[in-house]
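These came from Swiss-Prot, pasted as-is:
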- 1-81: region 'Disordered' (REGION)
- Ser19: phosphoserine (MOD_RES)
- 45-54: compositional bias 'Low complexity' (COMPBIAS)
- 93-188: region 'Disordered' (REGION)
- 95-106: compositional bias 'Polar residues' (COMPBIAS)
- 143-162: compositional bias 'Low complexity' (COMPBIAS)
- Ser232: phosphoserine (MOD_RES)
- Ser238: phosphoserine (MOD_RES)
- Ser241: phosphoserine (MOD_RES)
- 318-329: compositional bias 'Polar residues' (COMPBIAS)
- 318-355: region 'Disordered' (REGION)
- 338-351: compositional bias 'Polar residues' (COMPBIAS)
- 412-712: domain 'Protein kinase' (DOMAIN)
- Val418, Gly419, Ala420, Gly421, Ala422, Tyr423, Gly424, Glu425, Val426, Lys455: ATP binding site (BINDING)
- Asp563: active site, proton acceptor (ACT_SITE)
Amino acid sequence: MVMQEEKKRQQPVTRRVRSFSESFKNLFRPPRSRDSSPINVTRIPYRSSSTSPKRSSEPPRRSTVSAQILDPKNSPIRQRSYTLKCCTPGLSHPFRQTGSGASNSPTRHRSISGEEQEIVNSLPEYKRSASHTFHGIRRPRSRSSSVSSCDSSNGTTSSSDSQWAMDSLLDDSDNDLTPYRGSNKDILKSKDRAPYNYIDDYNKKALRRATSYPNPLPSKQFYNERLYTRRSHPDEESLESLPRSAGADVQCIIEQNGFKVYEDGSHEHNIKLSGVIAKLEKGNSLPVHRQGLLSRPRLGITLSGLFKHHKNECDIENASSLLPNVEKSQTNHEKRTGQSPNDSNRSSPTQGREDYLKIVNPDASLGSDELKLINSLSSRIHKSLQNYLQEKNLKPAECIGEQAPTFQDNYGHPVGLVGAGAYGEVKLCARLRNEKDSPPFETYHDSKYIYYAVKELKPKPDSDLEKFCTKITSEFIIGHSLSHYHKNGKKPAPNILNVFDILEDSSSFIEVMEFCPAGDLYGMLVGKSKLKGRLHPLEADCFMKQLLHGVKFMHDHGIAHCDLKPENILFYPHGLLKICDFGTSSVFQTAWERRVHAQKGIIGSEPYVAPEEFVDGEYYDPRLIDCWSCGVVYITMILGHHLWKVASREKDMSYDEFYKEMQRKNQFRVFEELKHVNSELATNRKIALYRIFQWEPRKRISVGKLLDMQWMKSTNCCLIYDST
């Protein structure tokens, strides 16, 4: 018996290797025909919604396809994973194989034709294998130009040419030759090909045609001048937020509501631009009312955190800045050089004193310069508020007689209304570009205008002036320090909204910020009514990665946001994400502190608040509540609704069910049923979600560690982050 088994093992297994394209077609045949081949190659779970009604809710599959290969020699089933990677500069092909034993895994094959067999027969005997046919000849496939669209209801791929789209994802490099029928070599390199001097001219041309392959994709042109890629515009200026390079002739394999995924792994966001911006680009002049008052065209976007419209309007064009001139000059110098002009000669205001505080955390966003600015702003705002109470007019003595540039000089005129908050309106302002303006710009712009978002902060008659002053100062200082961070030669984060200036006019304070023309995440989800407020999983993953990078930047510099929600997440049309609204942010560590300050009490919006905030008198780490909020934001993007209204067992039945199910089964049904483009990404994401939604803060993962998990590492993001 032993001898017979050894003989069976030594006998060559003659079987026809099924190509992946054939396996894909077999998915649409009756189930009986799928197991007819000795090797059963199965796509998991690339199925059309029309043929697989049970899995109609699955989202489209993008790049990674797992194949289960039933080998008669080895049992149990071996798992092969073919993963699509983004093409880096200099690589001629973007496809690689990863996973256990990927280098020896079967690849795409086909039978050779009679004409090709004649070429092989003309070769000398020593160039032909005694037991195998010729290795690796294949014709170039014809590539379809159709786009594989997605079902708007469930995101599944449905196209007559979906076989080509899926087959292209599984091909090896076009520069390699694949083995055929049990070859002893995995890949036949060019040096092993038959010499041409043994073939006549006719066969030379035939062999050349048989072994010719489509031209490789042009290498991507990455712009690494900053932390992320840039898109070239006709005027040779660039918006630094584009995921794909121009000129890459690649096929779109997934398209859903403007979001496109290409066969090289890249993707493209196409978020709707504001209607008023399009009108301004066509016009020759700005629609400005007399005396600079706001004309009434409304934006075609929503910034939902800025809720109501106020009746009283104010003239802001003559507003003057509250920032000291020294601060402005230092900021401009830091923007150019990355360091303060007087770093070597500057002395601390408390230097020489016994209680001089030593800087132990140089990366902290709140340092000595910010402390000086806080004191200066607080003093000027207090004086202005006193004048406002007495004369109902903001005219501080420091501003009278100064010939500093006005609001109109720096930021132009109001041209639209964005929304309104608790303390006033938010307006869109624009000014014409001039010769002094040079890229890169820190806000949205086109060939004619530069745009700014202007937030009005006006005290109410019954408001606490001390609280109002603290809110204005903290919101501006935190946003300004994060968006203009140049300490230790580091650049600002691309996912933090720029805050430029704070001014005052006759009746209010004015904060000037970067304008994001695509609105906020809340408006984006509400606008996707056909998809029930859901985003494609790949698009949501990209946004999640950008959000985590922005939050990590804040945490690395001693600040927690504490109010992360879709209303506070803004976008550019090409998918660049910006975190805004630092009014409730917490400074948990300054430049003079080693320890992290804990806090207590409820901060933020209830659906996004972590459960430990509802415990009376309990102190918590503000960084961990940001991580919880990021998880809730992601689930909202995927499901189109909240998991619960409030993370409290006593107040919300949905959260109580989540708590009980996790206690009883150690899993949550909603997380288990979430679909992704393939099982590997779905599993990695599910593991990360369980790490995020831990009601015990000590068990919850941090934002930095979450970015290091396999889910985020395998996520293709349209920004390129500096690894340092």
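Easy rule for this one: first residue shown is 1, then count along the chain.
Each Cβ is built from the backbone N, Cα and C atoms, and glycine gets one as well.
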Determine, to the nearest whole angstrom, how far the Cα atom of Val418 (ATP binding site) is from the Cα atom of Asp563 (active site, proton acceptor).
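Between the Cα atoms of Val418 (ATP binding site) and Asp563 (active site, proton acceptor), the distance comes to 21 Å.
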Which number gives the other C-beta atoms within 10 angstroms of the C-beta of Gly424 (ATP binding site), all protein chains shown included?
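Its Cβ has 23 other Cβ atoms within 10 Å.
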At the Cα level, what's the spacing in Å between Val426 (ATP binding site) and the residue listed as 'active site, proton acceptor', rounded?
19
Would you count the other CB atoms within 10 A of the CB of Val418 (ATP binding site), including those on all shown protein chains?
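A 10 Å sphere around the Cβ of Val418 (ATP binding site) contains 21 other Cβ atoms.
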In angstrom units, rounded to an integer, how far apart are the Cα atoms of Gly424 (ATP binding site) and Asp563 (active site, proton acceptor)?
20
Average pLDDT across the domain 'Protein kinase' (412-712)?
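Looking only at the domain 'Protein kinase' (412-712), pLDDT averages out to 91.
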Measure from the CA atom of Asp563 (active site, proton acceptor) to the CA atom of Ala420 (ATP binding site) and give the result in Å, rounded to a whole number.
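Roughly 18 Å, rounded to the nearest whole number.
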Cβ atoms within 10 Å, counted per site: which of Ala420, Val426, Asp563 has the most, among these recorded positions?
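Max Cβ neighbours within 10 Å, all protein chains included: Asp563.
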